[in-house]
Amino acid sequence: MLCRLASAGRSRAKLIAPLGCLVFRQKHTLPDLPYDYGALEPHINAEIMQLHHSKHHATYVNNLNVAEEKYKEALAKGDVTAQVSLQPALKFNGGGHINHTIFWTNLSPNGGGEPKGELMEAIKRDFGSFANFKEKLTAVSVGVQGSGWGWLGYNKEQGRLQIAACANQDPLQGTTGLIPLLGIDVWEHAYYLQYKNVRPDYLKAIWNVINWENVSSRYASCKK
C-alpha cells in the first residue's frame, strides 16, 4: 500500500511540475530596440520602424500570449482538439516574435559593408564570394511570393551556411532546422511606406544597415 502511495505521489509530482511551469510562465514581452526609430535613416525611415516595432511586433507578442494561455487551459482540460486547433496561432505569432527579435539585432545604424573573420571565410567557402552571397540572398528574398522572409542560416549537420526563404512568419529553425544568422523581413509592412511595392529597392537599401558584428556573433555561437 505504501509503495502504491509513494508511486502515486511521484506520478502526481511528475504531472504537477510541467503544469506548474505553465502556470508560472512569464509572459512574452516586446524587446526594446537597441537604437532609435530614426537611426536607420535614410535606408529605413523612422515611421516604418515605429509602426513595425510598436504595432506589428507588439501584436505578435500579444497574440502569442493569448494563444499560450488558451493552450495552457486546453492542456489542463486534456482537450487535444483545442490543442491542435491552436497550433497555427502559436506558429504564426510565435514565429513573428522570434523572427522580429532576431531582425532588430541584425540591423544597426553603424552597419553595412562586409563581414570579417570567420564569417567572411565561411561565406567565401560556401558561396564563392561575398558578392555572390549577397546576390543570392537578395534574389531569394525578392522571390518570396506574398509575405515572408529571406534567411542566411547555418546547417549544423553539414557544417555550412545555407540560404533559405520562409513563408509568412514561419520560424527558420522550427521549419527547416537551420540556425538563423541573418533574416530579411519582406512583408510589405517592413518597407511599403517608403518603397511602395518596389521590394528590390528596399532590399538594395537594407544592405547598408546590416549588423555584421551581430551576424558574426550568431555564427560563432552556433558553431560551439
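The backbone N, Cα and C atoms fix where each Cβ goes, glycine too.
According to TrEMBL, the protein has these features:
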| type | residues | note |
| --- | --- | --- |
| DOMAIN | 27-108 | domain 'Manganese/iron superoxide dismutase N-terminal' |
| BINDING | H52, H100, D185, H189 | Mn(2+) binding site |
| DOMAIN | 115-218 | domain 'Manganese/iron superoxide dismutase C-terminal' |
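Mean pLDDT for the domain 'Manganese/iron superoxide dismutase N-terminal' (27-108) in this predicted model: 97. Taking the mean position of the Cβ atoms of H52, H100, D185, H189 as the Mn(2+) site, the remaining residues of that chain whose Cβ falls within 8 Å of it are H53, H56, H57, F103, W187, A190.
Helix first, then strand, then coil: DSSP counts for the domain 'Manganese/iron superoxide dismutase C-terminal' (115-218) stand at 54 helix, 24 strand, 26 coil. If you count neighbouring Cβ atoms within 10 Å for each of the binding-site residues H100, H189, the highest count belongs to H100. For D185 (Mn(2+) binding site), the Cβ neighbour count at a 10 Å cut-off comes to 25, with all displayed protein chains included.
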